[in-house]
Amino acid sequence: MEHRVRTDWAQVILLWVTGLFAAAQFGKVSLIFEALGATYDRPEPVLALVVSAVGVAGIFLGAVAGMGAGRFGPRPVLLTALLTGGALSMAQSLLPPFPVLIGLRLLEGVTHLAIVVAAPVLMARISSLRDQPMVMALWASFFGVSFALSALLLPVLVGIGGLGAAWMLHGLAFWALAALVWRMVAPIGPSSTPWPGFVAAHRAIYSDPHRLAPALGFFWHTLIFVALLTFLAPFVAGHLPVPLVASVLPLTALGGTFLAGWLARRYSVFVILRVSYITTVIGMVGLLLLPQIAQPWLAFLTFVSIGLVPGASFAAIPALNDTSVAQAEANGALAQLGNVGTSAGSPIFAAAMAVGGLAGLVAITVVIMAAGLVSILWIGGRVAQR
């Protein structure tokens, strides 16, 4: 695969912004849940389906999307996803009947998956080898940055124009991004490799340690990240307001993600992942041992450690996979396992919290991080043997 001598930062930022709006496909519902409830008179568990519907595609089609982006080319896949995603958002802005809205959200999940698989492949292609870790760390931040910005802007937009207007603006933004991508981003030729079939596609990706390793490292992170953001703050806020602690935790994780990009210029991504898992365990156990006044500060430091994993995992994709096809497939596996982890983590942590409170949260985090450490040692050994 060709690498540029200099990174095209204008294209990098453009592709990162497509990620921000892809993440907003979740945030445009979850962050204005009350407005959704005012529009659709349904119980909260039923309304929650509007949020979770977007993630269904990632669970079942992540690996397939990776192979599709590799074989058709990431640029046409990205353009199709942006145009289709914009149309779906525009249709949602008409506030259709609830069953229709669920169907539109399921389709929107396919476009979300296509964007998060295709965009980072293009970003890696337009980056120099030296800058690739930082570029991938930037990409890894897209979800957190998008949610932070959406939390500020969406309530204002809904207050001015209502739920439909906010969704319409999201659709228009997708179309504008499609025009910019078409104008600025050069294509990568499609692969001539034949489509292997659904089962064979998964077997090919998950049996290859180079394509599996980034996804495996990311999986354990997704099991704990959203769950700890959801449940941890009330236990460790100490003398600080709980909402303040809850808002600072994801920001400190973003700091860790960017730190991982800088570290990946100097150290193996496997070293960074191991350090993250070990220091996360130390930090979580420390929350049980330190006085309340120190707990929020240790929690912030622990989330810096937790945030190392996305930066290292995304940096591992171009570091371990030379071709755009392999990178697309690795991105697909990462998206798939990431969706599985995010979906499974909160119920697991809710059960642990119900049994043991903070100690339960710490215990399940330690178990998951230990499993992550073992898996990374194993997959790192397989990569070294190839």
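Cβ coordinates are placed from backbone N, Cα and C, and glycine is handled just like the others.
Here the structure is a predicted model, which means the values were calculated and not measured.
Features reported for this protein in TrEMBL:
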| type | residues | note |
| --- | --- | --- |
| DOMAIN | 11-384 | domain 'Major facilitator superfamily (MFS) profile' |
| TRANSMEM | 12-33 | transmembrane segment |
| TRANSMEM | 45-65 | transmembrane segment |
| TRANSMEM | 77-95 | transmembrane segment |
| TRANSMEM | 101-124 | transmembrane segment |
| TRANSMEM | 136-158 | transmembrane segment |
| TRANSMEM | 164-182 | transmembrane segment |
| TRANSMEM | 212-236 | transmembrane segment |
| TRANSMEM | 242-264 | transmembrane segment |
| TRANSMEM | 271-291 | transmembrane segment |
| TRANSMEM | 297-320 | transmembrane segment |
| TRANSMEM | 332-352 | transmembrane segment |
| TRANSMEM | 358-380 | transmembrane segment |
Residues of the parent chain within Cβ reach of the transmembrane segment (101-124), under 8 Å, 6 or more residues beyond its termini: 11-12, 15-16, 18-19, 22, 25-26, 29, 40, 49-50, 53-58, 61-62, 65-66, 68-69, 74-75, 77-78, 80-82, 84-85, 88-89, 91-92, 95, 132, 135-136, 139, 185, 188, 314, 317-318, 324, 327-328, 331-332, 335
Interface check, the transmembrane segment (164-182) with the transmembrane segment (212-236), three or more C-beta pairs under 8 A: no
Listed stretch, out of 242-264, 271-291, 358-380, that has the most CB pairs under 8 angstroms to the transmembrane segment (136-158): 242-264
Spatial neighbours of the transmembrane segment (358-380) far in sequence, C-beta under 8 Å, 6+ residues away: 209, 212-213, 216-217, 219-221, 223-224, 228, 231-232, 235-236, 270, 273-274, 277-278, 280-281, 284-285, 287-288, 348-349, 352
Stretch with greatest number of CB pairs under 8 Å, the transmembrane segment (242-264) reference, 12-33, 212-236, 271-291, 332-352 candidates: 212-236
Remote residues contacting the transmembrane segment (297-320) - C-beta distance under 8 A, at least 6 residues beyond either end: 120, 124, 127, 132-133, 136-137, 139-141, 210-211, 213-215, 217-218, 220-221, 224-225, 228, 232-233, 236, 245, 248-250, 252-261, 263-264, 269, 272-273, 275-276, 279-280, 283-284, 286-287, 290, 327, 330-331, 334, 383
The transmembrane segment (212-236) touching the transmembrane segment (332-352) per 3+ Cβ pairs under 8 Å rule: yes
Same-chain residues near the transmembrane segment (45-65), Cβ under 8 Å, at least 6 residues beyond its ends: 25-26, 29-30, 33, 36-37, 101-102, 105-106, 108-110, 112-114, 117, 198, 201-202, 205-206, 329, 332-340, 342-343
Positions whose Cβ lies under 8 angstroms from the transmembrane segment (12-33), at least six residues beyond its ends: 44, 47, 50-51, 54-55, 78, 82, 85, 89, 105, 108-109, 111-112, 115-116, 119-120, 122-123, 126-127, 135, 138-139, 142-143, 145-147, 149-151, 154-155, 158, 163, 166-167, 170, 173-174, 177, 180-181, 184-185
PLDDT averaged over the residues of the domain 'Major facilitator superfamily (MFS) profile' (11-384): 89
